[in-house]
Structure formats: C-alpha cells, structure tokens
C-alpha cells in the first residue's frame, strides 16, 4: 500500500513557512532524512523505501498477535466457566457477562482506530493500549489469586457485590479497553508495510492477512490447550498469569521492530470523523442547490495542491446527494466547513457503501458467541475423556483451530495461485466472495449444533451417567472454524483495501465492530428468547433458564440462529452485488477543475429533489468483480 506523504509535507510547511515551499517537489530535502520512515516511495529512493516494511517488518506484528491471542482466545472460551464456578453467576448471567465483555472489547477497537488515524501513529497507539491490556490482565490475575476477593455462593443470578464487583468489572474494563484499542490499530500497522501500488507488494498484502490469521490461530491453539488446561486443572490465576506474561513479551517484541516499520504520522486535520462531519454538514447546507451536469465542475484540488496529497479518488455516481458538499457557491469562502473536495466526498461514499456489508456479518458473529458460551457449557457436562486423559471443555476449539492451521497454508499456497490464474485477482477470489462462503458455513454450523444438542440431551435424560463424547461438538466447531477463516480475513482485507488511506485504521475496526454488535445481539437474543418463551411454553420456563442445560431447549435457540443466518445470507447477496469496488487509480483522462480558472457557480433551485438532475446509479466504469461473475 502507499504510505501517507502529504501529512508529513503539510507538517513541514506549517512550521517552516515560505522557505520550504520553494523546494523542488515531490522529492524531500536531505535534511529530512531522519523522517524517512514516515515517507512513501515518492519521497525516498527505491533502495531506502525497500529497506523498510515488507514481511520482515510484519514478522514483529505476527509475533505479538500470536502471543497476545494465546491469552485472549483462552480467556474468550474459558471465562464463562470462571464466571460460573468462581464468581457464581448462573448460566445466562455468565454467558451474558462474557458476551458483553467481548462486545465491549471489539467496540472499543473503534477508539483505537480513531486515535491511530488522528493523533498517534498506529505503532504508538498499539503500545499505549497494550499497557492497559497488560494492566487489566494483571488485575484479573490478582483477583483470581486472592480468595478474599471471591464471592460466596448465594443461589442468585449473580453473587458478586461491593469491592469484589468493583475490582472484577474494573479489570474487565481495562482489559476490554486495551485489547480493543490494539485490535483497532495493529492490523493497519501491518498492512502499512506493503505498497498497494507495487504489484508484487499488492499480492503480498493479500498474503499478509492470511498469515495474520495463521498467527492468531497458532497462538490460540496454545491458549485453548495449554493455558486452558492450567486454568481449569491447576488454578485460574496461573492461567491468567501466563496470559499476562505472554502479552507483555509480545508488546516488547513489537517495540523492538520499530526501526523496520514504515510509519505514518497522522495530524488532527486527518481526523476521519471530522472529514465525514464536514461532508455531511456542507451537503445538508447545500441541499437546495442544483448539481452541475458535469461532475468535473465539482470542487477538487488543483494540480499544484495535489503534490501535497496522498491521492485523489475518482468521482462515482452513487449517493449523488453527497456531491452537493463539493459545490462552490457565490459566497463560498473555500474553508473545510463551506466546501469539500470530490476526494473527501468520495471517502464518505466509500464508508457508506461499506455499512451494509458490515451489517450483513453481524448475525454470523452472534452465532460465534454461542460457541464460546453455551457450547462450552455443553462440553462441561459431556464425556471429556480422551483415552485416559480428561480434556477441559474450553479446549474443544483446538479442533477447528488445528484445521485452520493446516487449511490456511493450503489455501494460501495452492488455492490462491490456482484461482488467481482463473480470476486474475491478487487474492484469488474477491473479498466479498470470501465473506459469502463464511456466511453459508455459519448457518450450517448452527444447524449441526442443534442436532448435536438433541443427541446430547436425549442421552443425558436417558442415562446421565453415560454422556456422549465431548468430541461431538467438533462438528459445529470445525464448520464454523472454516467459516471464520473465510469471513474474518475477507473482512479485514476488504475494509483495509477499500478504505481511503487516512481512514484505514478506522475502517479495519469495522471488522471488530461487527464482532461487537454480534456479541451484544447475542445478549439481547438470550434475554428476549427467555422472556418470550417463558410466557408461551406449557412449562412456563424459558428455553435457556436456570442452571441445568438438560431441562432447557438450547437446540431450538441454535435452529433459530440458523434460520436467521440463512435469511441474512440472502440479504448479503443483494448488498454484495450492489457494492461498487473503489477504483485503484484515479482516471487519468479526468482533470479536476482548477479553482484558478473560476468554477461555475451553483444556481439555487427549489425542486423536489433538491435541484439534482436525475442520474442513473447503475454501475458504470467501476463494476464489482462479483457482479461480473
């Protein structure tokens, strides 16, 4: 990918005045060589640029991802048991506490993405939030170690209160803040090490996201086996302590890689939130103005000003109402809050086009939440013996993780090159096609989960001393693991590649935002299903009530999610075929209108559609690769 260069030059010029404005551009003076790590290939020699970035730099990111996810994934699958057997929450309260924690974690990734796009570099943001994550893990470890900080059993939905509750929720809040912030900045930091304008590095970028998932998977395999076994068989505080140490080492490794990174230093003027607000505010102010017949007459930077810009984005015909933000009127003073560039408007259009894709993946993440809550509780009352050894219930996800550890290299080394020859797409298949495969598999996983639960419950009611094997759960975990391999990487690559350069951290955070909404929706579904079924069932008991899964109807809840997932896939097909991919390069035949020649002034028209001429929004020059197929 290209690394932002106009930010650096605007920073230099703002402090150096007219002296530096006379320097030949786009090549920087020798005195700026100390800032070379923040520059793109336009500002440095080829050899200097190639010395930084690439897989050598991203290797440090892979190490952190593996070490951090050892603890994160282990906690993700086992905390429901910690809440139930140590903190004495009941089944639904333990599940909801975990899903709320996970939802908050992924929601806070937006904060990390916003800060790294606006105030701090992605590298600095990752280290800052890493401190909070390690601190949160340390507090969880202390509470797990001290018996005085454990509640006594009371028979209610939650037995924790007072200072113990404050410490529990404060440590979880710090952990969610730290982990979420890191997830908002780290993938974009890794992606910054590859130049999308270089064909070789563009292919490497697609590989980067696959290896990022592989690093996550390998770390998670160790977490759900080693750390989970230590937590459940030895003591919980030992598992949390190992997670704390591994995460700390991971951030030390990330810091050691600083000399090798291509870093982008943002400025507050880059704030994606402010740029979005400006477009919306000006478009609303200009809502009664007529759009020019020729989009070239909309305001854009002239050729001299474009020297200081990272890139321009070609005009598209979708969401024409937003184009009104780029109309220059008689009384326009050419400030960011009175007129916006076409590029700035297109940035908002890109994010707007992404929202339906984001929304279409929420249900899948609601399904994933069940595998980390109810499926773990199922496994805990099944036969957990593997020959003579007893397997902890939270360790069952190691089966799909092991599949993924094998399938990801196969996918990358064999399927992608084969598909690339057919589709000529750098990733083999498009990101939206990859996401669609995952959505189908998630619906199948929930269907299988319901069937397995029927078998488990019938056997338990028949003879509770002879439960079925824990490994029956491997079917639903295995199918969903493959679904996650397709969808998670597809989403990360989609949001990163489609987003404007100055919004890539915020955009990749959309992946985690989908996870966040999925977890919160799980909590909402559990509460609503319990409330509704309590009123309509003959037993007057909810599908997911109490402490005994054998008296519940968890299978019906799984099938409810399978039906929703199927309907959601139909919805996704519509939005995926509607989506227009962002053009990789501006149209060379289109020249932005130079304000020095005097742009046409808009005339006010009091028409029903705000003065805009009717346009055809059918895909034109920018077609989705999915639609072509």
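Cβ atoms here come from the backbone N, Cα and C positions, even for glycine.
As recorded in TrEMBL:
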type	residues	note
COMPBIAS	602-616	compositional bias 'Basic and acidic residues'
COMPBIAS	617-629	compositional bias 'Polar residues'
REGION	584-629	region 'Disordered'
TRANSMEM	59-85	transmembrane segment
TRANSMEM	91-115	transmembrane segment
TRANSMEM	127-146	transmembrane segment
TRANSMEM	166-189	transmembrane segment
TRANSMEM	209-230	transmembrane segment
TRANSMEM	236-256	transmembrane segment
TRANSMEM	391-411	transmembrane segment
TRANSMEM	431-449	transmembrane segment
TRANSMEM	470-492	transmembrane segment
TRANSMEM	512-533	transmembrane segment
TRANSMEM	554-575	transmembrane segment
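For the transmembrane segment (91-115), the most Cβ-contacting stretch among 127-146, 236-256, 512-533 is 512-533 (pairs under 8 Å). For the transmembrane segment (470-492), same-chain residues at least 6 beyond its ends with a Cβ under 8 Å from one of its own Cβ atoms are 187, 209-210, 212-213, 361, 364, 367-368, 371, 375, 378-379, 382-384, 386, 391, 393, 396-397, 399-401, 403-404, 407-408, 411, 431-435, 437-442, 444-446, 448-449, 452, 455-456, 508, 510-511, 514.
Listed as Cβ neighbours of the transmembrane segment (166-189) (distance under 8 Å, sequence separation of 6 or more from its ends, same chain) are residues 61, 64-65, 68, 72, 87, 101, 104-116, 122-123, 125-126, 128-137, 139-140, 143, 149, 160, 209, 212, 261, 492, 496, 504-506, 508-509, 511-512. Counting Cβ pairs under 8 Å that are 6 or more residues apart, the transmembrane segment (59-85) and the transmembrane segment (236-256) reach 3 or more and are in contact.
If you look at the transmembrane segment (209-230), the same-chain residues 6 or more away from its ends with a CB under 8 A from one of its CBs are 55, 58, 61-63, 65-74, 77-78, 187, 190-191, 238-239, 242-243, 392, 394-398, 401-402, 404-405, 408-409, 411-412, 416, 485, 488-489, 492-493, 496.
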